[in-house]
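Pulled from TrEMBL, these are the features on record:
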type	residues	note
TRANSMEM	33-52	transmembrane segment
TRANSMEM	73-94	transmembrane segment
TRANSMEM	106-124	transmembrane segment
TRANSMEM	136-154	transmembrane segment
TRANSMEM	166-185	transmembrane segment
DOMAIN	306-602	domain 'ABC transmembrane type-1'
TRANSMEM	446-472	transmembrane segment
TRANSMEM	537-561	transmembrane segment
TRANSMEM	581-601	transmembrane segment
DOMAIN	677-917	domain 'ABC transporter'
REGION	951-970	region 'Disordered'
COMPBIAS	957-970	compositional bias 'Acidic residues'
TRANSMEM	987-1005	transmembrane segment
DOMAIN	1001-1292	domain 'ABC transmembrane type-1'
TRANSMEM	1050-1072	transmembrane segment
TRANSMEM	1139-1164	transmembrane segment
DOMAIN	1331-1565	domain 'ABC transporter'
Amino acid sequence: MAFSFCGNDKNISAYSVEKGVLNNGCFVDALNLVPHVFLLFITFPILFIGWGSQSSKVQIHHNTWLHFPGHNMRWILTFLLLFVHVCEFAEGIVSNKVMSTDHLHLFMPAFMGFIAATTSVVYYHNIETSNFPKLLLVLFIYWVLAFITKSIKLWKFTEFGVGPQHLRFCITTLLVILYGLLMAVEVNVIRVRKYVFFANPQKVKPPEDLQDLGVRFLQPFVNLLSKATYWWMNPLIIGAHKRPIELKKIGKLPIAMRALTNYLRLKDAYEDQRTPEDPDQNPSIWRSMYRAFGRPILLSSTFRYLADLLGFAGPLCISGIVKHLDVTEVVSSEDKKNETYLGVYFMSSTELLQNSSVLSVLLFLALVLQRTFLQASYYVTIETGINLRGALLAMIYNKILRLSTSNMSMGEMTLGQINNLVAIETNQLMWFLFLCPNLWAMPVQIVMGVILLYYLLGWSALVGASVIVLLAPVQYLIATKLADTQKNTLEHSTDRLKKTTEILKGIKLLKLYAWEDIFCGSVEDTRGKELTSLKTFAFYTSMSIFMNAAIPIAAVLATFVTHHFLNKTGPTSSEAFAALALFHILVTPLFLLSTVVRFAVKALVSVQKLGEFLQSDEIGDDSWRNGDISISLNAGKKHMGMTKAINRKQPMRYQMDNYEQPSRRQMRPTETEDVAVKVSNGSFTWGNNLLTLSDINIRIPTGQLTMIVGQVGCGKSSLLLAMLGEMQAIDGVVYWSKPTDCELVHEGNISKNRNSVAYAAQKSWLLNATLEENITFGSPFNKQRYKAVIDACSLQPDIDLLPFGDQTEIGERGINLSGGQRQRICVARALYQNTNIVFLDDPFSALDIHLSDHLMQEGILKFLQDDKRTVVLVTHKLQYLIHADWIIAMKDGSILREGTLKDIQTHDVELYDHWKTLMNRQDQELEKDTQQDSQTMLERKTLRRAFYSREAKNQVDDEDEEEEEEEDDDDNFSLIANRRSKIPWKVCWCYLSSGGFFMVFLMVFSKLIKHSVIVAIDYWLAIWTSSKTGSLNETLSRNVSEDSQQDSHYLPIFISLCAAGITLCLITSLTVEFLGLSAATNLHHNLLNKIIHAPIRFFDVTPLGQILNRFSADTNIIDQHIPPTLESLTRSTLLCLSAIGVISSITPAFLIALIPLSVAFYFIQKYFRVASKDLQDLDDSTQLPLLCHFSETAEGLTTIRAFRHEARFKQRMLELTDTNNTAYLFLSAANRWLEVRTDYLGAVIVLTAATASIWSSQYGLPAGGLVGLGLTYALTVTNYLNWVVRNLADLEVQMAAVKKINSFLGTESENYEGSMDAAQVPLDWPQDGEIKIQGLCVRYDPLLKPVLKHVNAYIKPGQKVGICGRTGSGKSSLSLAFFNMVDIFEGKIIIDGIEIFKLPLHTLRSRLSIILQDPVLFSGSIRFNLDPERECSDDRLWEALEIAQLKNMVKALPGGLDAVVTEGGENFSVGQRQLFCLARAFVRKSSILIMDEATASIDMATENILQKVVMTAFADRTVVTIAHRVHTILTADLVIVMKRGNIVEYDKPETLLEQEDGMFASFVRADM
């Protein structure tokens, strides 16, 4: 039999044992089989029955608990063991080929050993997760047996004179060592866990994280193989296909990664640097970062070095494979026979590496390992970076909570700076950490690369390398330029956004005045500037891409040309392709180096900013406010018996509506009486060495109402803050009393409410939370109390208007409330808190008179005083002084008087009289003001307007929402899955087509040609180098002269190809970027025009924020992110395709292997794209609340500190940070998941390509050069496969921006044309101002009910008409109908004989004028606001200003007519703004003026001016006034009363007043 275990060579009797059993080599090998077989026989039944796994699982939801000591060590040793077995197997097979007959014993034991080692680790894993350590004994016995048998073999080798020069001897030695070590690991497990041979085995508990079912991030807990390949993520990523990943699914962070843990680590490292000798030393942030997070960074760097060194195996293996394919074996087999011992052949240690099949397997293993290490290195740095970011955020937050108020208000630390710290600086540091292993890994990589090149090609290689190195600074230059242009672009885009916001806010006015196009033009101008800097940005980007693509070509060109001139011949194919691969390896670090250096510079700046922030002033230590808890606690214990007596039954109080305020007048606080807060000799400053408050001596009596009054800016608010400890005390003491015993008992929960002060600041501050959460503010919810507070602040009507009642989100990101509403919510918060002391800082400032009265009576006098709470109230409303128990009057930062009103009346008559006159004046204003709840009504009205239009919102909203709804409807998973995994081709096409067809064609064409040329260069190189090494005999016979001639024929073509390649690189990189630019230009232009010309209804229905998002975030993505992604995607895809094409053309056999590979690839990318999109959304959506939380904390510092809620806010911040970090961690782990998988696929491609070429070369198919070409290309595939998927996923996310913009491009524009030509309209139309309204029906939207029904009216030229009616009766709709702003579906309006619907909109709107209820001014000059079209002379403008009584004020301003108006006209008062609007209407000399409730939001004086102007300046014009307060239209010529869209009364006001029961009469009565 030819195939026997010991071989049957003629001259050796293989089975003879005369010289002793152990001296037969074959028997020793057979002995080696025994342990392996033993292990397989014992473990297989156990594994298959799996009885260990069910019976005794520890109750724990993850079977990932690794608790046997030496766990990682065992995995590493097993992997090494497997590798050595593979080597042994390979060595056996190669030796076997030398022998004349087959010797199975050379490789069979190795094969069995491999299987046994694999089984051992699978078995171990199952035992460990099922926690059944007794079964580990099997492994222990196996290691011992294997160790013994291998040792016997080694001993026999030394006896027979086999030494280290033979490979098999080295392998056996390694195996002995490995088995020995594994034995030691096993013994160690027994020693620690004592599971056998010991009386009491050790009990173990799983770590906390694994007992917690919420922790879903298992990377730290899984075994080594799963850690390296992210196997544990499979269920998550594949599951994402069926159901989107939600926050619940990704769970909590493991304890070690939570922000709190890391914050404590960083803080300790930071504080440790403050030595007792030098307590004020500024600790270095760098050092603390190194101390806290240095170790993982070192680990990551180690992985990185290993990966880089393994990376060089690729080129070397390629050179080896190509070399050994070419060289036929010349060595005679006679020499080999000499190396025979024990009857078999022993090869030398180097001989194995000369076998190309072995090399290809080695190449495969090296690639797999290199990629695994690289991903591990990335993962470790990312995890550390995330930990660092969490720690820094917590550090910054803690500092914010301790910042001194003066810092914030004196502008040393602005909100913007704090937001930048949070949003930018921490991220910069995190990114620096991600990239920092590169800083020290890259130089090593470059040096190694250059050495290897030199070893391959000699001096000429250094020329090529120097090309690469010399171009690196250029890249750095480009990188810095890029950063600068980006800054520039940012400035222009903020400018553009500001203008766009203004336009959208004042869109109604712009449309009514037909000014859209002017403003649109100004935005387009700014956009033009932005595009110019985007052009430079695009240019530099394309330069950097071009450098990246062209440098390797240039380097190869330089190298081979110099090689040709130095050595007079071209290189051999094995050298050439190894060099090519090396150049590809070298380019990456150099390209990255510029980025890393830039990040390092940024990180230095960030750390400096952080350091300054952490060193800034803190608020003083307020120990005085904490009282002395121990004493009060004892006091509380004594009185426990009294609780029942004191605990007043609260529910009763609310039934006593007739409860009368007991007169407290006679209770005059005497010296002995209790004082809640006392300040003696206080002098306080805001930290600028100027005393804000000086010489303060005040007492705040307990349980009474104290009022602080004084002029604006005399220090009232500062006094409150000084008591709260927010100011720097230069002198004096603030003393806070402890609560009395009985109150302690009543409060019950002492420590919490003891020193918390309910404080309502002057500038209202809301949280981004529901309205209810804003009021309860962390206190437990008590329905009755809550109701009482809401009634006291009269918030119920406002709550009823909100879409979700008190569960509506308010705050920055929620619904915009008006000032008064915000202020009432803040007061409600202060009332609701169960604290002894309440500070209210001018709560009436934004409220109108009714509300202030109600709040005073119900809230302060009833609700607070009934509870015997100490109230301090700062106010300007002197009429409330009669309610005060104690008054503090201030002037210029010191106390003018304190005492009761009676005291002041008797002792300081002057002051009292002064107050009296002021009070009278206020009372008169009161009477005027009482006419209606003007302001509040208006606020509520605007709120209602905002929500009124929500009904039809669903039909109009962008398609996204509809799609989501559809998805919810069908539970058919496959359908959803399909929709979610499809690439949005339609959107991509829309994007490309907006770039212009010529550009698209140019891009595609140049890309294809570029890649063909690059392939051609390499192909030419292959032919050129292969021509040298046809076969050895030919080359020897050919003389050298011929050779150089041949070279000179190859060289010029090579040079010209390279030149073409470099130019094409330039062209393609430019085309993609400029395609992106033209797409961005067109999309923005169309979007702006569409939106500005959309009907007004569109703006009622679409939230402003949504429209602005299209202009900010989405436009930014289209401008800056899509082009590079698109470029990268096309490049990597084409590279992969061209590589696969090259390989298949060289070795067609490769195509067979390609089918399963592409299927695998398809599924990987399909699953990954869906999961990645979800995780990216989660990351984005969790980042926003975090940033908002920071900014809102910084804004509400004083409130939070007064309430003593720091701890609660810290907790919230930690939660938000952890949530965001979880999402980010999962996202980066998912990226690693993908990269490991695509890298392994790439490695398989290399392996198949190599095997295919070796197999084909036996039939003499490809020449050596072509094999080298194929393998070099296969190596590039591994680098680019994951980029294809990553870019696809990114592009998909970014295309959403195009989709959103696209959904807006579908909106209908208003019909601007009209049926008449503009030229047919007389120039002076409307000259008379005669208006006929016939059967007018109006609705806002075809889906809604009409708001005006068959309205008929006739207005004579020059008449003054008043229209009145309740809210919602259709008054405003009528005014809009004149301008054709609403959908008029029946009837008509005729002005001076022309039907207005036939007119072009621009003509119609530019000939009428209107004054709106909310005055709108735009930023710019006064002239621009009055006359943006630049048509009028200065005289005319001055005349208009004079009529509006503004002339003197404007003259006084610097610049006169060209004086600056800030955004929204904030630098003028509301009244002045309204007058400007009047002037604006006057400038336009139209004979019809419409005033829409113009007097609703202004004071009496301004209103009188308006009335006068209307009567005189507009005497000859038709004026239609829509009235809020009826008395404004009593003088009109005609009054129209409307109700529910119909005209009810229509006559002169005198006639209407005579009808007692008429609506107009009742209105007037109500108004008087």
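Using N, Cα and C of the backbone, Cβ positions are placed for all residues, glycine too.
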Sequence-remote partners of the transmembrane segment (1139-1164) [C-beta within less than 8 Å, at least six residues beyond its ends]: 1015, 1018-1019, 1234, 1237-1238, 1241, 1244-1245, 1248-1249, 1252-1253, 1255-1256, 1261-1262, 1266-1267, 1269-1270, 1273-1274, 1276-1277, 1281, 1285
Mean of pLDDT values spanning the domain 'ABC transporter' (677-917): 81
Other parts of the chain folded back onto the transmembrane segment (1050-1072), taken as Cβ under 8 Å at six or more residues beyond its ends: 539, 542-543, 545-546, 549-550, 553-554, 556-557, 560-561, 564, 570, 999, 1002-1003, 1006-1007, 1009-1010, 1013-1014, 1016-1017, 1020-1021, 1023-1024, 1027, 1123, 1126-1127, 1130
Leading stretch by Cβ pairs under 8 Å, where the reference is the transmembrane segment (106-124) and the options are 33-52, 166-185, 537-561, 581-601, 987-1005: 33-52
Non-local residues, at least 6 beyond the ends, that sit with Cβ under 8 Å of the transmembrane segment (33-52): 108-109, 112-113, 115-116, 119-120, 122-123, 126-127, 130, 132, 135, 138-139, 141-142, 145-146, 149
Cβ contacts the transmembrane segment (73-94)/the transmembrane segment (987-1005), at least three under 8 Å, sequence gap 6 or more: no
Long-range Cβ neighbours of the transmembrane segment (166-185) (under 8 Å; 6 or more residues past either end): 70, 73-74, 77-78, 80-81, 84-85, 87-88, 91, 95, 113, 140, 143-144, 146-147, 150-151, 153-154, 157, 339, 346-349, 351-352
Surrounding residues of the transmembrane segment (987-1005) on its own chain - C-beta under 8 Å, 6+ positions past either end: 1068, 1071-1072, 1074-1076, 1078-1079, 1082-1083, 1086, 1118, 1122, 1130, 1291, 1295, 1298-1299, 1302
